[in-house]
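Below is one structure, written out as C-alpha coordinates; the observations come after it.
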Amino acid sequence: SLGEHKTCVGDAQSRRVSYSTESFLQPVHKPYITMCQNHRLCSTYKTIYRVSYRQVSRAAPNSHIYPECCPGWRRMHSHNCNQAVCEQSCANGGSCLRPNHCACPRGWTGRYCQTDVDECKEGHRCSQKCVNTLGSYRCVCQDGFSLAEDEITCSRIPAPSSLPSGGLGLVANVTEEVQILKNRVELLEQKLEMVLAPFTTLFPLDGVGDTNSFLPERTNFLSHSLQQLDRIDSLSEQVGFLEERIGACACREN
(Lines of atoms letter the chains of each structure in order from A and count residues from 1; the text may use other names and numbers.)
(Lines give C-alpha, C1' and ligand atoms only; values in the text may rest on other atoms or scores of the structure.)
Protein backbone atom coordinates (compact mmCIF):
# COMPACT_ATOMS: atom_id res chain seq x y z
CA SER A 1 0.00 0.00 0.00
CA LEU A 2 1.09 3.61 -0.60
CA GLY A 3 2.13 5.43 2.55
CA GLU A 4 2.34 9.16 3.22
CA HIS A 5 5.82 9.37 1.73
CA LYS A 6 5.30 7.03 -1.25
CA THR A 7 6.56 4.00 0.61
CA CYS A 8 5.22 0.45 0.33
CA VAL A 9 4.35 -0.51 3.93
CA GLY A 10 3.84 -4.23 3.25
CA ASP A 11 7.30 -4.68 1.84
CA ALA A 12 8.80 -2.71 4.65
CA GLN A 13 7.24 -4.90 7.36
CA SER A 14 8.34 -8.11 5.64
CA ARG A 15 11.89 -6.92 5.63
CA ARG A 16 11.97 -6.16 9.35
CA VAL A 17 12.63 -9.89 10.20
CA SER A 18 15.80 -11.70 9.08
CA TYR A 19 16.33 -15.48 9.02
CA SER A 20 19.54 -17.44 9.44
CA THR A 21 20.80 -20.99 10.17
CA GLU A 22 22.86 -21.62 13.30
CA SER A 23 24.45 -24.59 15.03
CA PHE A 24 23.81 -25.71 18.59
CA LEU A 25 24.49 -28.66 20.98
CA GLN A 26 21.51 -30.92 21.26
CA PRO A 27 21.33 -33.21 24.43
CA VAL A 28 20.71 -36.90 23.76
CA HIS A 29 19.76 -39.44 26.49
CA LYS A 30 21.45 -42.74 25.76
CA PRO A 31 20.38 -45.79 27.82
CA TYR A 32 22.85 -48.46 28.98
CA ILE A 33 23.12 -51.48 31.45
CA THR A 34 25.25 -51.20 34.54
CA MET A 35 25.86 -53.17 37.82
CA CYS A 36 23.81 -51.92 40.66
CA GLN A 37 24.18 -52.65 44.36
CA ASN A 38 23.84 -56.26 45.50
CA HIS A 39 25.40 -57.28 42.24
CA ARG A 40 22.30 -56.76 40.31
CA LEU A 41 22.04 -55.48 36.71
CA CYS A 42 20.39 -52.14 36.36
CA SER A 43 19.24 -50.12 33.36
CA THR A 44 20.03 -46.40 33.35
CA TYR A 45 20.97 -43.67 30.82
CA LYS A 46 23.48 -40.96 30.30
CA THR A 47 23.29 -37.61 28.53
CA ILE A 48 25.49 -36.90 25.59
CA TYR A 49 25.56 -33.88 23.24
CA ARG A 50 25.77 -33.70 19.49
CA VAL A 51 25.95 -30.77 17.04
CA SER A 52 22.66 -29.90 15.36
CA TYR A 53 21.43 -27.02 13.09
CA ARG A 54 18.34 -24.93 13.21
CA GLN A 55 16.83 -21.85 11.39
CA VAL A 56 16.30 -18.83 13.56
CA SER A 57 14.65 -15.44 12.87
CA ARG A 58 15.77 -12.15 14.28
CA ALA A 59 14.10 -8.75 14.19
CA ALA A 60 16.29 -6.17 12.44
CA PRO A 61 16.89 -2.89 14.29
CA ASN A 62 14.48 -0.21 13.04
CA SER A 63 17.25 2.37 12.90
CA HIS A 64 18.90 0.61 9.92
CA ILE A 65 15.87 -0.43 7.87
CA TYR A 66 13.84 2.05 5.77
CA PRO A 67 10.58 1.27 4.00
CA GLU A 68 11.08 0.51 0.35
CA CYS A 69 9.87 3.12 -2.13
CA CYS A 70 6.94 2.23 -4.32
CA PRO A 71 7.53 1.96 -8.09
CA GLY A 72 8.07 5.38 -9.66
CA TRP A 73 9.62 6.95 -6.56
CA ARG A 74 13.08 7.12 -5.04
CA ARG A 75 14.94 8.76 -2.19
CA MET A 76 16.93 11.92 -2.87
CA HIS A 77 18.96 13.19 0.07
CA SER A 78 16.22 12.05 2.42
CA HIS A 79 14.91 8.98 4.27
CA ASN A 80 11.59 9.58 2.51
CA CYS A 81 10.70 8.67 -1.05
CA ASN A 82 10.63 12.28 -2.19
CA GLN A 83 11.53 12.20 -5.90
CA ALA A 84 9.42 10.95 -8.79
CA VAL A 85 11.05 8.86 -11.51
CA CYS A 86 10.40 9.42 -15.22
CA GLU A 87 11.56 6.68 -17.57
CA GLN A 88 12.23 9.32 -20.25
CA SER A 89 13.95 12.59 -19.42
CA CYS A 90 11.76 15.68 -19.45
CA ALA A 91 12.55 17.85 -22.47
CA ASN A 92 12.60 21.63 -23.02
CA GLY A 93 13.13 22.56 -19.38
CA GLY A 94 10.46 20.30 -17.88
CA SER A 95 10.78 18.59 -14.49
CA CYS A 96 9.53 15.19 -13.33
CA LEU A 97 6.47 15.91 -11.18
CA ARG A 98 5.11 12.40 -10.70
CA PRO A 99 6.00 8.98 -12.15
CA ASN A 100 6.38 9.32 -15.94
CA HIS A 101 4.72 12.74 -15.99
CA CYS A 102 6.62 16.02 -16.45
CA ALA A 103 5.67 19.52 -15.40
CA CYS A 104 6.24 21.64 -18.54
CA PRO A 105 7.19 25.32 -18.86
CA ARG A 106 5.02 27.75 -20.79
CA GLY A 107 4.89 26.95 -24.50
CA TRP A 108 5.34 23.15 -24.20
CA THR A 109 3.03 20.24 -23.47
CA GLY A 110 2.91 16.43 -23.54
CA ARG A 111 3.90 13.72 -21.06
CA TYR A 112 7.57 14.62 -21.45
CA CYS A 113 7.18 18.27 -22.64
CA GLN A 114 8.07 17.21 -26.17
CA THR A 115 5.20 18.97 -28.00
CA ASP A 116 5.17 22.67 -28.89
CA VAL A 117 2.02 24.62 -28.00
CA ASP A 118 0.60 26.61 -30.93
CA GLU A 119 -0.32 29.80 -29.10
CA CYS A 120 -1.68 31.32 -32.32
CA LYS A 121 -4.49 28.70 -32.33
CA GLU A 122 -5.15 28.54 -28.59
CA GLY A 123 -5.34 32.30 -28.10
CA HIS A 124 -2.85 35.17 -28.26
CA ARG A 125 -2.63 38.88 -27.51
CA CYS A 126 -1.45 40.10 -30.93
CA SER A 127 -3.55 42.95 -32.28
CA GLN A 128 -3.16 41.77 -35.90
CA LYS A 129 -1.12 38.71 -36.94
CA CYS A 130 0.45 35.92 -34.87
CA VAL A 131 3.41 33.75 -35.91
CA ASN A 132 4.02 30.56 -33.90
CA THR A 133 7.61 29.72 -32.84
CA LEU A 134 9.12 26.85 -30.84
CA GLY A 135 8.00 27.33 -27.26
CA SER A 136 6.56 30.79 -27.92
CA TYR A 137 5.11 33.12 -30.57
CA ARG A 138 5.61 36.61 -31.98
CA CYS A 139 3.36 39.33 -33.34
CA VAL A 140 3.64 40.88 -36.79
CA CYS A 141 1.78 43.75 -38.42
CA GLN A 142 0.08 44.27 -41.75
CA ASP A 143 1.49 46.59 -44.40
CA GLY A 144 1.25 50.18 -43.32
CA PHE A 145 1.56 49.35 -39.60
CA SER A 146 4.53 49.03 -37.25
CA LEU A 147 4.94 46.96 -34.06
CA ALA A 148 4.91 48.99 -30.86
CA GLU A 149 7.40 48.64 -28.01
CA ASP A 150 5.09 46.20 -26.21
CA GLU A 151 5.62 43.83 -29.20
CA ILE A 152 1.85 43.22 -29.26
CA THR A 153 0.13 46.35 -30.58
CA CYS A 154 0.31 47.48 -34.20
CA SER A 155 0.23 51.23 -34.87
CA ARG A 156 -0.47 52.82 -38.23
CA ILE A 157 2.61 54.34 -39.86
CA PRO A 158 1.98 58.08 -40.44
CA ALA A 159 1.87 59.15 -44.07
CA PRO A 160 5.05 60.91 -45.22
CA SER A 161 4.86 64.71 -45.44
CA SER A 162 4.00 65.96 -48.92
CA LEU A 163 6.65 68.64 -48.53
CA PRO A 164 10.05 66.98 -48.33
CA SER A 165 12.65 68.01 -45.85
CA GLY A 166 14.34 71.12 -47.10
CA GLY A 167 11.16 72.19 -48.88
CA LEU A 168 11.79 75.85 -48.11
CA GLY A 169 15.18 75.59 -49.74
CA LEU A 170 13.58 73.98 -52.78
CA VAL A 171 11.13 76.88 -53.11
CA ALA A 172 13.96 79.35 -52.82
CA ASN A 173 15.90 77.55 -55.56
CA VAL A 174 12.89 77.51 -57.89
CA THR A 175 12.26 81.19 -57.25
CA GLU A 176 15.84 82.01 -58.09
CA GLU A 177 15.62 79.93 -61.27
CA VAL A 178 12.46 81.78 -62.32
CA GLN A 179 14.16 85.12 -61.84
CA ILE A 180 17.12 84.01 -63.99
CA LEU A 181 14.78 82.91 -66.76
CA LYS A 182 12.87 86.19 -66.59
CA ASN A 183 16.12 88.09 -66.96
CA ARG A 184 16.99 86.02 -70.01
CA VAL A 185 13.58 86.69 -71.55
CA GLU A 186 13.99 90.43 -71.05
CA LEU A 187 17.45 90.31 -72.58
CA LEU A 188 16.15 88.40 -75.62
CA GLU A 189 13.31 90.87 -76.03
CA GLN A 190 15.81 93.73 -76.03
CA LYS A 191 17.92 91.95 -78.62
CA LEU A 192 14.85 91.33 -80.73
CA GLU A 193 13.98 95.02 -80.68
CA MET A 194 17.50 95.79 -81.81
CA VAL A 195 17.24 93.21 -84.60
CA LEU A 196 13.86 94.50 -85.80
CA ALA A 197 14.87 98.15 -85.70
CA PRO A 198 16.50 98.12 -89.18
CA PHE A 199 13.24 96.86 -90.71
CA THR A 200 11.83 100.35 -90.46
CA THR A 201 14.53 101.57 -92.81
CA LEU A 202 14.70 98.46 -94.98
CA PHE A 203 10.97 98.36 -95.60
CA PRO A 204 9.60 101.87 -95.61
CA LEU A 205 5.91 102.13 -95.52
CA ASP A 206 5.77 104.13 -98.75
CA GLY A 207 7.65 101.40 -100.62
CA VAL A 208 10.37 103.83 -101.91
CA GLY A 209 13.70 102.19 -102.84
CA ASP A 210 14.99 99.13 -104.61
CA THR A 211 14.03 96.16 -102.48
CA ASN A 212 15.76 93.55 -104.62
CA SER A 213 19.25 94.64 -103.58
CA PHE A 214 18.38 94.08 -99.92
CA LEU A 215 16.68 90.67 -100.31
CA PRO A 216 19.52 88.46 -98.87
CA GLU A 217 19.95 90.70 -95.87
CA ARG A 218 16.18 90.81 -95.30
CA THR A 219 16.06 86.99 -95.34
CA ASN A 220 18.85 86.67 -92.78
CA PHE A 221 17.28 89.25 -90.50
CA LEU A 222 13.90 87.56 -90.71
CA SER A 223 15.30 84.06 -89.95
CA HIS A 224 17.30 85.36 -86.98
CA SER A 225 14.28 87.18 -85.64
CA LEU A 226 12.09 84.10 -85.83
CA GLN A 227 14.72 82.10 -83.91
CA GLN A 228 14.75 84.72 -81.19
CA LEU A 229 10.96 84.58 -80.99
CA ASP A 230 11.09 80.77 -80.55
CA ARG A 231 13.59 81.13 -77.73
CA ILE A 232 11.44 83.74 -76.04
CA ASP A 233 8.35 81.48 -76.27
CA SER A 234 10.30 78.51 -74.86
CA LEU A 235 11.67 80.51 -71.95
CA SER A 236 8.25 81.94 -71.24
CA GLU A 237 6.81 78.45 -70.97
CA GLN A 238 9.58 77.46 -68.55
CA VAL A 239 8.87 80.52 -66.44
CA GLY A 240 5.18 79.63 -66.31
CA PHE A 241 5.93 76.04 -65.31
CA LEU A 242 8.28 77.12 -62.51
CA GLU A 243 5.75 79.63 -61.21
CA GLU A 244 3.20 76.82 -60.98
CA ARG A 245 5.68 74.73 -58.98
CA ILE A 246 6.26 77.65 -56.61
CA GLY A 247 2.52 77.96 -56.07
CA ALA A 248 2.13 74.21 -55.40
CA CYS A 249 4.99 74.22 -52.87
CA ALA A 250 3.50 77.20 -51.09
CA CYS A 251 0.15 75.41 -50.78
CA ARG A 252 1.77 72.26 -49.35
CA GLU A 253 3.75 74.30 -46.87
CA ASN A 254 0.57 75.97 -45.61
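Even glycines carry a Cβ here, placed using N, Cα and C.
Candidates considered were Cys90, Cys113; the recorded disulfide partner of Cys104 in TrEMBL is Cys113. Between Cys86 and the candidates Cys81, Cys96, TrEMBL records a disulfide bond only with Cys96. When you check TrEMBL, the disulphide partner of Cys120 from the set Cys102, Cys130 turns out to be Cys130. Same-chain neighbours of the domain 'EGF-like' (82-114): 5-6, 71-76, 134-136, counting only residues six or more beyond its ends whose CB sits under 8 Å from a CB of the stretch.
Rounded to a whole value, the Cα-Cα separation of Cys130 (disulfide bond) and Cys104 (disulfide bond) is 22 Å. Counted within 10 Å of its Cβ, the other Cβ atoms near Cys113 (disulfide bond) come to 21, all protein chains included. Put simply, of the disulfide-bonded residues Cys86, Cys96, Cys120, the one whose Cα is nearest the Cα of Cys104 (disulfide bond) is Cys96.
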